[in-house]
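Record features (TrEMBL):
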- 3-60: domain 'HTH lysR-type' (DOMAIN)
- 302-342: region 'Disordered' (REGION)
């Protein structure tokens, strides 16, 4: 007889139960069959594994030595089996991916295709990182891509599996005929008299923009409430206002991006899932692919952006905020909802 995993599993069951009858019932075996297996195992190992008495069975010194190895082998095998099962289930199931209004969504889809070229995707888009966090914790999303300013209070990440992706510089978006567009690199003080685009929402962008501008001696005049996914560039071109934007966002026709030298914020991107979710195995390779895609976007925007000045050290992102007064220049109206991201 050759030593097999089932023999070790039976040994563990008998040792735990302390009785051949109880162990046989738990294993679904007749008691005589289990007794024969134990005797064969003892013969194979060259000594008694259990001492039998009227109360059941107790491990012998040899049995205790063998049990220590058997428990480790059985546990490791069960862990491997569970991981393989989760992997097979993951390959068969539809992967639910969610993101807020960040600029890496297309790159994320490309990276997922590289990892799972035949996998099915269900895409969930939301207006804020807070909403995405809630969906993730409720099990409605398998993987969430978060993009948030360092100036905005981050959603609670305790109990989540996280994979950092990258940090992005934040520029100022303004019309190409704006007087400040002639300045290659601005300072925050240059923006004190400007009208701003920002947006209300659960990510607290309004407060964050005020906190950002406060140390520079001014409170931003937030005149337009337009979400990141809304027609911000149209408003910038026609109304002459400004907005913070990520370096990796495309530069729209009629607008330019300008570096703000003393802007202290950055935009952080990370992936998250729940512990135990089969999608967790995707996070490390997905984060690596997405980081490469992010860096390619940085180089692309720096090379082809309309007058975008790329800092040697990324300055990071800031999420604009809102105390909306007018939208598209019409008092009392609002365009869209906050995405919480520039």
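Positions of Cβ are set from backbone N, Cα and C atoms, glycine also.
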For the domain 'HTH lysR-type' (3-60), residues assigned helix / strand / coil by DSSP: 36 helix, 8 strand, 14 coil
Within the predicted model, mean pLDDT of the domain 'HTH lysR-type' (3-60): 89
